[in-house]
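A short write-up of the structure that comes next.
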Amino acid sequence: WWWDERVSARFRRNLQPTLTYWSVFFSFGLCIAFLGPTLLDLRCQTQSSLSQITWVFFSQQFCLLLGSCLGGVFKRTLAQSLLALFASSLAISLVFAIIPLCHNVVLLAVVMAVAGLAMGCIDTISNMQLVKIYQKDSAIFLQALHFFVGFGALLSPLIADPFLSDTNCILSNGTANASSNLPHIRKSLLPHQPGNLSRYELPMKGLVVTRVSYAFWIMALINLPVPIAVFFLLYKERMVPCFNGSSHPLLSADELALETRPGDKDELSATSQRPHTAAGHEDLFSCCQSKNFRGASFTYFAVHITGALVLFMTDGIVGEYSGFVYSYAVEEPLSVVHKVAGYLPSLFWGFITLGRLISIPVSYRMKPATMVFINVVGVLTTFLLLLIFSSSVVFLFVGTASLGLFLSSTFPSMLAYTEDILQYKGCATTVLVTGAGIGEMVLQLLVGSIIHDRGSYSFLVCGMIFGCLAFTFYALLVFFHRMYPKPSPELDEASPEKAAGPEDTGQYQR
């Protein structure tokens with residue numbers, strides 16, 4: 001391995017759970033990116049208008065945010081976490097299989113709401129469990145986790161593409177005229193949020209001709225190994241009721257003996273008798289209870305808030321840029337050809353995925369705080385150059401790739417940095433995941449309304465403002481980090497959480 005032996009040994013001990021959480025995040029990515037390119041075929045399938053079918057976006061995004069908030073409810077023990085992940089990943093496969101059977105737009109919205117809840121649970125629980133396992137070594141594994149969501153997000157449109165209709169999939173008298181608008185409409189729906197589609201009229205009645213069902217069934221089959229992998233982890237951990245007697249713990253006694261000092265064995269055996277809970281990692285509602293505020297310093301709250309605000313801005317930039325860069329490119333003064341402009345969202349997401357892959361080895365050599373600093377400065381610089389060279393089509397493509405690279409590792413780096421500040425005892429993961437989800441929803445809606453009122457140039461101005469705010473909140477986070485009280489070494493060693501925590505032994509905790 002290109003990392004040190006200690007991290008490599010810890011990874012080997014936790015190989016199965018780590019790979020399982022990565023695969024579950026692949027499900028998340030597979031589910032988040034298919035809706036844009038397939039929405040026109042789903043409109044035909046449900047025989048609904050464009051304005052009606054775009055409500056499916058809202059149902060998925062809103063329930064994703066709700067699922068992120070509620071995800072912590074299921075992670076108080078390992079058994080609850082794995083059962084929630086099993087149900088969520090299985091639900092995603094079922095959603096893919098059921099979508100072709102939804103011939104009513106309301107039913108389709110309900111099914112996508114279920115998918116959103118499952119995705120939200122996956123988002124919160126997978127991040128939290130990796131942080132619990134690896135703690136101070138979690139940055140590299142979080143980068144890999146978020147690579148898999150990018151990989152899934154790239155794969156699902158590629159699966160769907162061969163089955164998308166080349167002409168309007170509702171055949172009627174107006175089909176010929178409507179079909180000329182299809183490329184523009186389809187690109188306006190990539191990748192998450194629809195643009196302004198009210199000016200387009202497509203027939204709602206006629207013969208439905210679409211093959212998109214095959215794409216969803218293929219994705220259901222591709223995703224099916226994920227819940228199977230979670231089930232095997234449940235079986236390995238002896239958490240399947242019918243098979244409790246025959247399996248063994250993930251960490252054998254011999255491996256544990258090699259990794260612990262002789263004096264620790266009695267302490268570890270006593271610790272293993274206690275039920276393990278996710279101390280300091282509660283759901284959003286539990287985090288807001290007054291009992292968690294007792295004795296907490298001002299900087300404790302400030303770290304949570306500023307960290308969430310950084311991700312509110314950066315994830316909001318991801319959402320608004322990917323949602324509106326196509327619309328910006330085809331408008332004046334750039335007036336890019338529709339087909340060429342259609343590559344911009346794909347380029348953006350491609351470089352986000354590439355950046356996450358590059359960040360896996362980089363995060364081992366570089367501190368999370370440094371990576372976040374490079375990210376926010378890079379985003380700010382890229383938007384500044386995009387404003388300066390706003391009339392250059394070539395630089396729009398270069399800037400789109402650059403922005404994808406700088407935004408790619410922001411979320412996992414910020415999560416690792418904030419959890420490290422709080423010594424893994426705060427509510428950082430839940431608060432940050434929720435803040436990022438809210439930012440992606442709110443800033444997309446805000447930028448969409450501003451572009452409609454002020455014109456396409458405001459798209460870059462908004463990005464520049466959000467980048468400045470992200471940098472400002474990051475600077476405040478660093479300031480509060482310096483003020484945050486450091487734990488006393490004597491208290492740290494005497495703490496029961498220190499003895500029981502996974503950081504000392506590397507054991508996969510129940």
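A Cβ is built for glycine as well, from the same backbone N, Cα and C atoms used for every other residue.
Listed in TrEMBL:
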type: TRANSMEM; residues: 21-40; note: transmembrane segment
type: TRANSMEM; residues: 52-74; note: transmembrane segment
type: TRANSMEM; residues: 81-99; note: transmembrane segment
type: TRANSMEM; residues: 105-126; note: transmembrane segment
type: TRANSMEM; residues: 138-159; note: transmembrane segment
type: TRANSMEM; residues: 214-235; note: transmembrane segment
type: TRANSMEM; residues: 298-318; note: transmembrane segment
type: TRANSMEM; residues: 340-358; note: transmembrane segment
type: TRANSMEM; residues: 370-389; note: transmembrane segment
type: TRANSMEM; residues: 395-417; note: transmembrane segment
type: TRANSMEM; residues: 429-451; note: transmembrane segment
type: TRANSMEM; residues: 457-480; note: transmembrane segment
type: REGION; residues: 488-510; note: region 'Disordered'
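By the Cβ criterion (distance under 8 Å, sequence gap of 6 or more), the transmembrane segment (429-451) is counted as touching the transmembrane segment (105-126), at least 3 such pairs being found.
Against the transmembrane segment (370-389), stretch 395-417 has more CB pairs under 8 A than any other of 105-126, 138-159, 298-318, 395-417.
The stretches the transmembrane segment (138-159) and the transmembrane segment (81-99) do not meet in space: the count of Cβ pairs below 8 angstroms, excluding pairs fewer than 6 apart in sequence, stays at fewer than three. By the Cβ criterion (under 8 Å, sequence separation of 6 or more), the transmembrane segment (214-235) is not in contact with the transmembrane segment (395-417), since fewer than 3 such pairs are found.
When Cβ-Cβ distances below 8 Å are used as the criterion, the transmembrane segment (105-126) is approached by residues 21, 24-25, 27-28, 31-32, 35, 42, 46, 48, 52-53, 55-56, 59-72, 74-75, 81, 84-85, 87-89, 91-92, 95, 98-99, 145, 283, 429-430, 433, 437 of the same chain, each at least six residues removed from its ends.
Within the chain, the transmembrane segment (395-417) has long-range Cβ neighbours (under 8 A, six or more residues past its boundaries) at 127, 131, 138-139, 142-143, 145-146, 150, 307, 310-311, 314-315, 317-318, 321, 325, 329, 334, 336, 343-344, 347-356, 358-359, 362-363, 367-369, 371-372, 374-376, 378-379, 382-383, 385-386, 389, 428-429, 432, 436, 477.
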